[in-house]
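Visitor: Following this message is one structure expressed as structure tokens.
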């Protein structure tokens, strides 16, 4: 739409054009009050994106305030591009997770690729070098052709971007459930390393300093992407393909190197990624955080399409762009630096004292809005919350153990459930060894990356069992954080902090808002108990298709510190003769389990329960035993229960099996999903020391028979399974479904 054709302020109000942009009547009246006049078309656009849920968290802020966000190692909590945690020796780890769900539902390859690009920019805008990527993905059932297409394209998009940019994709998770059929979830996480003195903020300080635009040119892609992410998907969403941005990983690789060099220069004052809402959010937020204003001349914006209006330039979400503030008079140094990398750096404005965001185009002032009004003054809504109708019904159910006729067949069937099955088809497409720092590659409980020049490593994982959270949001929220920490501990790491990606349905529905509140309550309690503060994250609402919401999926991304790489521990058995231990008791807990879903085709009842104090005690014992060199392998017991965990530890080894004896009712002993459990192997000579340090029960030993045999307490054989056959079934399941 050219400037001549844009509706005037009166038309915007009378024809309710603001509503098409996502503003409510009350919000438009607020804008009118703030400005003391009717906004023009560009100004209406600025408010509509900055006040969208995606940018303002207006529906979720009251809930997010419950998260613990401070700790002795936390250097930067929520509010900047990414959170930062101290790891000693003047170094820190920077990490964040974000969603790109809606774009990936419409245009899966580019949606996923640009999700990766955006989260990388959040990390290097803090001054950190990105060292690892993870992703957490949710899809419908793989039997559906549409789901196959989305799955293949999303994985290809992540691989295409990550591999080209040269950052290893080292871990993550993929789960499949019918509720994600129309609305897949694509959550990307980036981890970076930084020295304390290099930390940069996205703030525009110093009146008279220069505002510069660096990186790729601006096109019409992604206009209103933030607003698109703040509404439910529908049949008409397909028409919004233009709202999906297109990424160029080679451009981003140059941008990373240029920005990391720039950060070493004292000419730089502030830097921020142009992410959701593009130029609007970066300029308004940088000005607002510094208590300043910004004036910008939009004719100077590098444009790759002709005739772009101020509205289009401000709302474009073209990729690979950064906004920087530099000291006045030092502009040429910056231009020269970026030119060396073949990138544009142009002066397009200046910092002012009057706290206004002022835009000029073709010699005319086209917008004048208080920066704080855009960045900080979105209305905050305390949404009505109502316990979901199904919850009381599920809580009251008398749970019966699912009937299993043949334990071996059940184990093989579980190993082929796509959520449990090997994800090798996925991660074989990722370059997880680039930078040659990956110590533990995908497929174990957590990935581990070396901190170069030290003996330290970073352990990292993403976790969330959304079935448990659907059944019991508070309990499930606790479990998500606890499982992430358990995975870090099993890898030899001390859990440090989390980033979260809260994926939910429409928060305007009281039952959905109840899920959000309760799961955040559970996560917050677990973060406090396990001492893993929340240092940043992302909220993705409106994950619905035709009124059907996805399961509540508050994904947890956690990073831990491996104090010495010799402590790195993996899940596979190491040698015959080692003793097998189980930590934690097994109860007949099947609500939301893989066995329940496999047998009944649906989930119901109560989720497994968790006692966070017990969880913490066990994690501390396991970590201390690992650090004392007493542990050969460690694996957390998750989906599929003990039989699956023991089988996975055998599958990962070569030519090893195990003979174990499990007490209690057979189906529960094998397949229940009780929490706070570990499978640990220990050298025979360390038996006494280990048993003194850890409350564990010896259940058997690792054998060289290449078979897993499980007995009951009467010594009757419940199942014997050949490890090669299990490996073949486990590895072949996803490729087979994709054929």
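In case you wondered, yes, glycine gets a Cβ from its N, Cα and C as well.
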Visitor: Starting from the substrate binding annotation in Swiss-Prot that includes 99, 100, 101, 102, 121, 317, 318, 319, 540, which of 245, 395, 619 is the extra site residue?
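Guide: When Swiss-Prot describes the substrate site, the candidate it includes is 245.
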Visitor: Taking 25, 500, 564 as the options, which does Swiss-Prot list with 57, 96, 537 at the ATP site?
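Guide: The record-listed residue among the candidates is 500.
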Visitor: Among the recorded positions 54, 96, 101, 121, 500, which ones place their C-alpha within 10 angstroms of the C-alpha of residue 273 (Mg(2+) 2 binding site)?
Guide: 121
Visitor: Over all shown protein chains, what is the count of other CB atoms within 10 A of the CB belonging to residue 98 (Mg(2+) 1 binding site)?
Guide: 26
Visitor: List, in sequence order, those recorded positions among 54, 317, 538 whose Cα sits within 10 Å of the Cα of residue 96 (ATP binding site).
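Guide: Those near residue 96 (ATP binding site) - Cα within 10 Å - are 538, in sequence order.
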Visitor: Whole-number answer please: how many Å between the C-alpha atoms of residue 54 (active site) and residue 317 (substrate binding site)?
Guide: 13
Visitor: Closest of the binding-site residues to residue 57 (ATP binding site), Cα to Cα, picking from 99, 317, 319?
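Guide: Of the binding-site residues 99, 317, 319, 99 has its Cα closest to that of residue 57 (ATP binding site).
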Visitor: When DSSP is mapped onto helix/strand/coil, what comes out for residue 121 (substrate binding site)?
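Guide: Note: residue 121 (substrate binding site) is helical by DSSP.
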